[in-house]
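Colleague: Under the heading active site, Swiss-Prot lists Arg207, Lys230, His280, Arg283, His306, citing sequence analysis as support. Swiss-Prot lists Tyr315 with the feature active site, O-(3'-phospho-DNA)-tyrosine intermediate. The domain 'Core-binding (CB)' annotation in Swiss-Prot covers 60-147 and is backed by sequence analysis. Among the features that Swiss-Prot reports, domain 'Tyr recombinase' is placed at 169-328, with the record citing sequence analysis.
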Amino acid sequence: MAVRKDTKNGKWLAEVYVNGNASRKWFLTKGDALRFYNQAKEQTTSAVDSVQVLESSDLPALSFYVQEWFDLHGKTLSDGKARLAKLKNLCSNLGDPPANEFNAKIFADYRKRRLDGEFSVNKNNPPKEATVNREHAYLRAVFNELKSLRKWTTENPLDGVRLFKERETELAFLYERDIYRLLAECDNSRNPDLGLIVRICLATGARWSEAETLTQSQVMPYKITFTNTKSKKNRTVPISKELFDMLPKKRGRLFNDAYESFENAVLRAEIELPKGQLTHVLRHTFASHFMMNGGNILVLKEILGHSTIEMTMRYAHFAPSHLESAVKFNPLSNPAQ
């Protein structure tokens, strides 16, 4: 058994070996570490070594800091658990090196292998640059957050590593004829809630999960308030009287899960969508038609709940007047004298 201090993070690690099994726990003080050790010693009949206090420059593995980030900050994020799972998988792919040995070169080598499909189930279908960039951003954020909390005292090992340039993905949206076909198939579904969920998404620009998990308390005459949003900010969007009258008048959650039913409805409607945009096409459709009908980009930002205008600007080109001066001032229409 041993109690040792990490000289970089200032914490104390108590290591207890009972019948060949190791139990390790970190403490803020030496006293707490020793108490843990003494309690463990009393609970075992195995022979143990005397306590040793060791100075060590070794840091825990990368996954230790990922878990620490989650415990101190990540669990407050709406996607915290999903992000933790991705980060743990990333640590595993990296071989979970000691955190003080992890550096930009190790990550750069990993990115190359990742894009080559080495860690993919199907090596012929490697991830896109966007996927690797998300991993990069997540891990960089771990070190930045821990540094701000004084849990990581050296430089961020990913400082200076640039993200890959990404191709802009197509934002698919539905035309009027597509909407009619889709709604018809949704209304014919065995899931009685599907048509209403889809109508809410199309009428408000809500994300699928926001509409699917609506409760009675979020609906008031001609308005819906979306909570538990991606930005963690509530937003209220007006709806028509017609849509309001269609919604169930009951307490608690209004709808059952309908994702699989929606997927089947899209197939029956023979609508082809880009990969990864199955339900999000409804949100894109709202935003695209909002701008095509002359809506204001700043108002759209508030309706969608975007944190920055840059996110909303993806829809600016749908505005009727967007870059219309190209028609007026091009050399075919108006050659310079």
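Every residue, even glycine, has its Cβ placed from backbone N, Cα and C.
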Colleague: Quick check for the class: what is the C-alpha distance, in angstrom and rounded, between Lys230 (active site) and Tyr315 (active site, O-(3'-phospho-DNA)-tyrosine intermediate)?
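Modeller: Roughly 19 Å, rounded to the nearest whole number.
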Colleague: For Tyr315 (active site, O-(3'-phospho-DNA)-tyrosine intermediate) and His280 (active site), what Cα-Cα distance in Å is obtained after rounding to a whole number?
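Modeller: Their Cα atoms are separated by 14 Å.
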Colleague: In whole Å, how far does the CA atom of His306 (active site) lie from that of His280 (active site)?
Modeller: 15
Colleague: To the nearest Å, how far is the Cα of His280 (active site) from the Cα of Arg207 (active site)?
Modeller: 7
Colleague: Can you tell me the three-state DSSP label for His280 (active site)?
Modeller: helix
Colleague: Do you know which of the active-site residues Arg207, Lys230, His280, Arg283, His306 has the most other C-beta atoms within 10 angstroms of its C-beta?
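Modeller: Of the active-site residues Arg207, Lys230, His280, Arg283, His306, the highest Cβ count within 10 Å belongs to Arg283.
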Colleague: Report, in whole Å, the straight Cα-to-Cα distance of Arg283 (active site) from Arg207 (active site).
Modeller: 6
